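Engineer: Before we start, here is the structure in question, set down as structure tokens.
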Amino acid sequence: MQAYQRDFIRFAIDRGVLRFGEFTLKSGRTSPYFFNAGLFNTGSALAQLGRFYAAAVVESGIAFDVLFGPAYKGIPLASATAVALAEHHDRDLPWCFNRKEAKAHGEGGSLVGSPLAGNVLIIDDVITAGTAIREVMQIIKDQSATAAGVLIALNRQERGNGELSAIQEVERDFGIPVVSIVSLNQVLEFLADDPQLKQHLPAVEAYRMQYGI
């Protein structure tokens, strides 16, 4: 585990974004942990989050020309990542996002910011079913651009209805890498090393055994 990954997990726990207990997911599964990126909801938290995303961008080695934040949750994530890449990694890159509803007046269209062109790195919080990413892939295709990859905060490493996870299905269907700041593997490693949180390790390990990929 990289230092920034350990720091991110601690940051997510401190902000109440990553919690342990018993949670019912949309899928109906009862999960021993829950991740809610919407709680990175202050200026300082968003700035710090952008730095973690930027570190993961650099670590991934994915070559790209523009950052894309899918509406709505991806918008602040892409902007914070762009700021952090410029300020901390000397990489001043264009970024853009889409509107849910296209505008007929003003600048018009459904895209805001930089032109969506070349190789595109998609920034989002999580991939649950993969539906949103499939919509984004169509937006990129419509602009004659190319998806270079997807970066998310947490990979739950959890299969869907079939044998693959939603992330694996996206990688298979579109031939692009999906990378994350952390995955469940690193969360398990963090729990094992933390005396206060170690009590949650058996439940998370059991969940991984049942639903993991």
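Quick reminder: no glycine exception, Cβ is built from N, Cα and C everywhere.
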Engineer: Which of these, T128, T131, does Swiss-Prot say binds orotate at the same site as F34, F35, R156?
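Structural biologist: The record-listed residue among the candidates is T128.
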Engineer: Looking only at F34, F35, the binding-site residues on record, which one has the least crowded Cβ, with the fewest other Cβ atoms within 10 Å?
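Structural biologist: So among F34, F35, the binding-site residues given, the one with the fewest Cβ atoms within 10 Å is F34.
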Engineer: Taking the Cβ of T128 (orotate binding site) as the reference point, list residues of the same chain whose Cβ is under 8 angstroms away and which are at least six residues distant in sequence.
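Structural biologist: The answer is K26, A166.
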Engineer: Rounded to an integer, what is the Cα-Cα distance in Å between D125 (5-phospho-alpha-D-ribose 1-diphosphate binding site) and F35 (orotate binding site)?
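Structural biologist: Between the alpha carbons of D125 (5-phospho-alpha-D-ribose 1-diphosphate binding site) and F35 (orotate binding site) there are 10 Å.
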Engineer: Nearest to K100 (5-phospho-alpha-D-ribose 1-diphosphate binding site) in three-dimensional space, by Cα, is which of the binding-site residues F34, F35, R156?
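Structural biologist: Looking at Cα distances from K100 (5-phospho-alpha-D-ribose 1-diphosphate binding site), the smallest one goes to F35.
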Engineer: Around the orotate site formed by F34, F35, T128, R156, which additional residues qualify by having Cβ within 8 Å of the site's Cβ center?
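Structural biologist: Output for this site, in sequence order: L25, S31, Y33, V126, L154.
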